[in-house]
Structure formats: C-alpha cells, structure tokens
Amino acid sequence: MTEPAVRVVRSGAYGMAVAVALVSGIVAIGCAVYLGLPLRDPDGFLGPTYVRLPLIVTLMLAADVLPRALWRTRSATGLVQQVVVVARERWPWRRLLPVLIGLAAFYATYVSYRNLKHFLPLLRSDIVDDELAESDGWFTGDTAPAEFLHDVLGTGAAAHILSWVYLAFLMFVPASLALALVSRARSHEACWYVTALCLNWSLGTASYYLLPSRGPVYAQPELFWDLPQTGTSALQHSLLVSRWLVLEDPQGTDRIQSIAAFASLHVSIIFTAALIAQLTLRSVAVRAVLWAFFALTVTATIYFGWHYIVDDIAGLAIGGGSVLLAAWGTGRFRRPVAAAQDQDAAGADRPDPDPVPDRLRRRPETSPSAP
C-alpha cells in the first residue's frame, strides 16, 4: 500500500520558536546572575525535563517504527535490521531535524519559564491578590467564585474528578508535544502548535511579573478547608512549602518556587491545544474531548482556588494570541504558496506513481469539432 504524501516542514519554520527560546533564556540567565542564583532544571514526577521530554518523543518514534518493522519480519534475528531500515525510511535527517529543533526550543523556553517563575517573589515582592479578589466580585457579587462552585458541585466526588482533570495537565503537555512532533503527515501543524506553546510560556511569564499574585487558595485558605484531601491539595501544600523555603533562604534550598496566579497557563495552553485542533483536525471526537478537557480545567482552576476569574480570562487571551502569533510566525497566513512548496517537497520524497515515460503515454485524439 502506498502511503500518503508527507509534507516535510523546513527546520527554519521553527524560527519564531527558536527566537522565543533565545530571548527567554537570555532573560532567565540575566535574572539568575542578578540574584546570584543558579538556573535549575525543574523535576517532575517522571524525572528531569531534559530526560522526560526526549524519552516521550523517543517512545512516540518507537511506536511509529516498531510495528512496521515487526510486520516486515517474521524472525527475531532480522528485527533489529528492519527497525534500522524502517527508521531510515520514515525518519531521515531532513524530517528528524525539525523535530529536534522544535523539542529543543520548547525545552529551553519551558526551563526559562520555570526559573523566571521561581525568581518572581524575589524580584516582585508586591502582590495584588486583594485587587484580584475584588475583581471576582464583578462576576459573582459577594460570594467568592470558589464558594459558588463548592455549593453547586459539592465537595465530594466533584473534588476528586476535578483534581484528576487538573493534574492530567502535567502529562497532557509533554504527551501532546511529542505526538505533534512525530506526526509525519502534520509537520506544519506541529510547528504551529510547538511555537504556540513556546509563546504561551513566555507571555505567561510576562503576565506573572505584570500582576504578581498567589491565588485564592493561598490568599484566602479558609475558603477551601472543606475540600477533601486530593492530589491537587497535596500539590498545593507542597508548592506552599517550597515557596516558604525559597523566601527564607534562596541560596540554601534546591526547591523551586512555582506559585503565581495571573494569568492561568493551564487555561491558556489547553485552550491553545483545543483551538488548533478545532482548526486542523477532522475528528469530531478528538475536538470534543479537548473542549471538554478545557471546560473542566477552567472549572478546576476556580474550584481549587488556583486562580481568580480574571486570571482565566487573561489565560484565554494569551492562548488565543499565541495561536494567532504562531500562525503568522510559521507561515500559516501564506498557505497557497506554502502548499505548493509542500507538494513539491512531498513529491520529491516518493517515487513517481506512474513510471510510464511521457513518450509512451497514449494521447487523447482531437475531436473533429474542436476549434
């Protein structure tokens, strides 16, 4: 069976993502030098980012190559050889290089984002939680938005479901990034998505410094005492302890400060993913799942007190703006020309489906009535 043509994105298409990564890195290094603190690679529950991201991409590539290699061979001895053959066929350097560039740009931007977030209370000690809490009154009156959701949804099963949704973000970002990067038939969409993610991190960092805040759960903890113990509540406690340790002795702890409310990057990034999927994917089911995930994530950010309502609104603006800027930066507004170039590149990657020479083709006879 002949595979469909694969559009090969040029490595230069990641120019905006690389530029964002460089600027973010320079700013992070400058702040680290100013504060006399080292840059740190943020660890997750799956290990350091520099291990986690390449590992996920490698697993995705293996999922693409290994089944095809198994299909071609019937013996274990020839499997390794077939894996090498299939990998070279499906992932030559011209296709692998953009994947590596996109991954590196995302990694550099993300690490810079986490470090700049870590430096936030050391550079901006003033916080505006009181003003943001007052802004919630514009939407819900005298009742705090979190209290309203607790009354409507309850504090039992809803808390556990929304906690799972909120924490799913931690795996969604690296998994969706890897899936996009290894989707050979959607390399241009992957470039758009990766660039938009980098913009989300950088614009989100700027918003943290614009309006430094902690969030309702830390500014008004009594509003959340009735919630049960969940993975989210454990995470909130851990982040609070880390913040205390960093503020007490920035030089003497390896913990990373990760509390910042304005704007919500959970909202912005899930909105980015759902919006790009809406514009590029045909699957109604996938689009519906992403929009449902987005709606539940917005609810969870308010329910658990991570964010004020204006934080989520700002997250929407950052997500939408990132999608638009990334579309411009990756050439989505030049599709007629780019499409023709893509077809030329794809045509160069596959053999001529009709090997009959032009001189042997049967030419249509001219109609006598033709002018």
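Glycine too: its Cβ is placed from the backbone N, Cα and C atoms.
Under the heading compositional bias 'Basic and acidic residues', TrEMBL lists 347-365.
Feature annotation from TrEMBL assigns domain 'Inositolphosphotransferase Aur1/Ipt1' to 152-324.
What TrEMBL lists as region 'Disordered' is 338-371.
Tertiary neighbourhood of the transmembrane segment (12-37): same-chain residues 98, 101-102, 104-106, 108-109, 111-113, 115-116, 119, 122-123, 188, 191, 194-195, 198-199, 201-202, 205, 250-251, 325-326, 329-331, selected by CB-CB distance under 8 Å and a gap of 6+ residues from either end. The transmembrane segment feature in TrEMBL is assigned to 12-37 (among others).
Here TrEMBL flags 49-66 (among others) as transmembrane segment.
Within the chain, the transmembrane segment (96-113) has long-range Cβ neighbours (under 8 A, six or more residues past its boundaries) at 9-11, 13-14, 17-18, 20-22, 24-25, 27-28, 39, 41-42, 49-50, 53-54, 57, 177, 181-182, 187, 190-191, 194-195, 197-198, 201-202, 204-205. As annotated by TrEMBL, transmembrane segment applies to 96-113 (among others).
Feature annotation from TrEMBL assigns transmembrane segment to 161-183 (among others).
Annotation comment: TrEMBL describes 190-211 (among others) as transmembrane segment.
Look at TrEMBL and you will find 256-276 (among others) tagged as transmembrane segment.
The feature transmembrane segment is assigned by TrEMBL to 288-307 (among others).
Per TrEMBL, the feature transmembrane segment maps to 313-331 (among others).
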Segment-segment contact (the transmembrane segment (288-307); the transmembrane segment (161-183)) at 3 or more Cβ pairs under 8 Å: yes
When counting Cβ pairs under 8 Å to the transmembrane segment (313-331), the leader among 49-66, 161-183, 190-211: 190-211
Non-local residues, at least 6 beyond the ends, that sit with Cβ under 8 Å of the transmembrane segment (190-211): 9, 13-14, 16-17, 20-21, 23-24, 98, 102, 105-106, 109-110, 112-113, 116-117, 120, 123-124, 128, 132, 173, 176-177, 180-181, 183, 260, 262-263, 265, 268-269, 272-273, 276, 280, 314-315, 318-319, 321-323, 325-327, 329-330, 332
Outside the transmembrane segment (161-183), six or more residues from its ends: residues with CB under 8 Å to it: 44-45, 52-53, 56-57, 59-61, 64, 99, 102-103, 106, 153, 189-190, 193-194, 197, 230-233, 235, 266, 269-270, 273, 293, 296-297, 299-301, 303-304, 306
